[in-house]
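Contents: one structure, followed by commentary.
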Amino acid sequence: QLDPFYASIILFVGRAWDAITDPMVGFFISKTSWTRFGRLMPWIIFSTPFAVISYFLIWFVPDISRGQVMWYLVFYCIFQTLVTCFHVPYSALTMFISREQSERDSATAYRMTVEVLGTVLGTAIQGQIVGKVDTPCIESPFFIGKTNSSVAMEELNMTHDTGSLTDTRNAYMIAAGVIGGLYILCAVILSVGVREKRESSELQSDEPVSFFQGLKLVMNHGAYIKLIAGFLFTSLAFMLLEGNFALFCTYTLGFRNEFQNILLAIMLSATLTIPLWQWFLTRFGKKTAVYVGISSAIPFLIMVAVLDSNLIVTYIVAVAAGISVAAAFLLPWSMLPDVIDDFKLQHPDSHGHEAIFFSFYVFFTKFTSGVSLGISTLSLDFAGYQTRGCSQPSEVNFTLKMLVSAVPVGLILLGLLLFKLYPIDEEKRRKNKKALQDLR
């Protein structure tokens, strides 16, 4: 029931807060001393219960007439901070379970497969629990004004809305409880099943490096900046697509009761094709996999906007988009360890920056998510989007077409152009591997 403008403010402020917490958490992790659980694992273990509580409170509707915006802003920022305390060390674990490039690539493929599978599970849980609640749409004010019994209709809508809103709130709370339980279960499995190898860990520098010195070294590394620049735009493209696809299916295509299944088709397609991309990048190289995997979505995105509403075509587009989403999920995380190896060769006397590399990478991933949500919310608000409306103005349908087709295609092309500048190809990767072995 919040105004879309305030929802945008919460998202933007939350991502700005992330800009502070991600690199800071990365730096503090890099300075953490070794414990019997490792250096990274204590962050995961101790942040989990508090993250679950704050997640639950994000979905709770407080019984206060004023201050709801501040409630959600505060708990959204707290949750983002606690997720950072989990996600940065979790992502950086790849560097500290093996030194071998092939083993790290394999671990990344397994990790991203299960991460996308987790997204599928979350989508299914949230979608099915909340989707069971009958939340009636609201006819436009123009239609109600033309009705003879407009006052009676408004009273009926108000009575129905009160009951359906209560049911919807309860459904969101149940979904939050289930997902919070899964969060705890996964954290337990991770902490029990994974061990950091002390000989692989190079987190502690021989000489202490200040936060700003380490940050300057990392952000001056050309390969890292070019990798981030390329994937910043391609990630934004897929997040815009994923974030608006439900509204696009509901209003523009008219598949109000199908969007949950279409979204599941995207995520299942992504899960099943990650092993395919892992094989492809091993066989043909990572840069080639980027060009082929991410650009393959373009014709299908154009097709869904140009062709008339057709459920079969929409499912085909969903599966094709999932194949590209898999490449967009896997490849950035698979290429980041290569950038860190390249950095180590250029700065052999400077250690302990891995967590900073990963923390900024996590930040940019979450930043693109926030930007995509902000762009979508403000664009739809400007176009005249009617919350819970049975139909939308033609301007909203046009905006949705832009957000799931034209804009993602443009961002993908821009990202691929920027990626041409990325210097680490397969030959460079092999040379770096040999040089690191010689150094050790």
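Cβ from N, Cα, C; glycine included.
For 40-62, 69-90, 171-194, 223-241, 261-281, 288-306, 312-334, 355-378, 398-422, the entry in TrEMBL reads transmembrane segment.
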- Would the transmembrane segment (398-422) and the transmembrane segment (288-306) count as touching if the test is at least 3 Cβ pairs under 8 Å, pairs 6 or more apart? yes
- Task: Between the transmembrane segment (355-378) and the stretches 171-194, 223-241, 261-281, 288-306, 312-334, work out which stretch tops the count of Cβ pairs under 8 Å.
- Result: 223-241
- Item | Folded-back contacts onto the transmembrane segment (261-281), same chain, C-beta under 8 angstroms, at least six residues removed | 105-106, 109, 112-113, 116-117, 119-120, 123-124, 127, 242, 245-246, 249, 255, 288-289, 292-293, 314-315, 318-323, 325-327, 329-331, 334
